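Listed in TrEMBL for this protein:
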- 80-107: domain 'C2H2-type' (DOMAIN)
- 108-135: domain 'C2H2-type' (DOMAIN)
- 136-163: domain 'C2H2-type' (DOMAIN)
- 164-191: domain 'C2H2-type' (DOMAIN)
- 192-219: domain 'C2H2-type' (DOMAIN)
- 220-247: domain 'C2H2-type' (DOMAIN)
- 248-275: domain 'C2H2-type' (DOMAIN)
- 276-303: domain 'C2H2-type' (DOMAIN)
Amino acid sequence: MIGNSSCARTRPFVSSKISALQEQVLKPMKPSRKVSKKVEKDSCARTKPFVSNKINALQDQEHEIFPKREKKGFKRERPYKCSLCSYATAYNSRLQDHNNIHTGEMPYKCDLCSFICATQTTLTAHVRTHSGQKPYKCQVCSYTCAQPHILKAHIRLHTGERPYKCNRCSYASRLASSLRQHLRNHTGEKPYKCGYCSYASNQSGVMRQHIRTHTGDKPYKCHTCSYASVYKNNLTLHLRRHTGERPYKCQLCPYSSARSVSMQDHIRTHSGEKPYICLQCDYTSARLSEMKTHALSHLEEKPFMQQLRKLFCT
């Protein structure tokens, strides 16, 4: 399978080839003064099929490399279907990779670290964590990423679009994978099983993280210090301590943050929303951390806490 970085370099070349050949077909041929109209017509008749065949061949090559580049209204046939879930694809190789997710098989290994995964696409994205290559850039903010579908999902943060909707409740998501995971909350399906214990999960990512609790593997390592983590998100947040990067910016004031959760809490200071409600009194808060602190005040009110104070303070 050809990686995304290869696609990014190859796409302009293939597209320019197609455009040049299309111009050759559509541009009227200028007849020589000494050539009759009949000869000109015969020449066009012989040349056009040849050039058209060239265009078709390049377009086939383009669609083979970039299968998602399809005309509007055209739905690609997906004859390869998973027997365990609703997944379907146009390519047998992708179905084979998908089956690895169900079986737990991880045949793809990184040559630079101990990372293993189920699909070639995941490995390609992982390798870029070593090289630092992030060719896909957001035109609204400074966000960059290693894969085009991740950028597409990121853009929905700006637009607020949530095209993937649950048919059982009001849940909607900007990611198809998130919707699939959400649906398992309704069905109770837990297709990912741990090979070390009886643990099962409805999310492949959660299962990978769980397996690392058995192996002790911390694949996400900081290149500046000795920090290492089981979780990629933790490493991303840690790196911002070194770089000072604060990608989440408030549109109502100069506030910026390194964490999306902190930004969500901050936005509530403008909106006045207080979603965290105390179950023991009428206290409400805009921040989860404040609610946790408040909850401790109720624990201290309990009789056994008072008895402990008397025991240790007298």
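The backbone N, Cα and C atoms fix where each Cβ goes, glycine too.
Any TrEMBL annotation is an automated prediction that lacks curation.
Mean per-residue pLDDT, taken over the domain 'C2H2-type' (276-303), amounts to 82. Note on the domain 'C2H2-type' (276-303): residues 265, 268-269 of its chain, located 6 or more positions outside it, place their CB under 8 angstroms from a CB of the stretch.
With a threshold of 8 Å between CB atoms, the same-chain residues lying at least 6 positions outside the domain 'C2H2-type' (220-247) that come near it are 113, 129, 141-143, 209, 212-213, 256-259. According to DSSP, the secondary structure content of the domain 'C2H2-type' (80-107) in residues is 12 helix, 4 strand, 12 coil. Look at the domain 'C2H2-type' (276-303): DSSP puts its residues at 15 helix, 4 strand, 9 coil.
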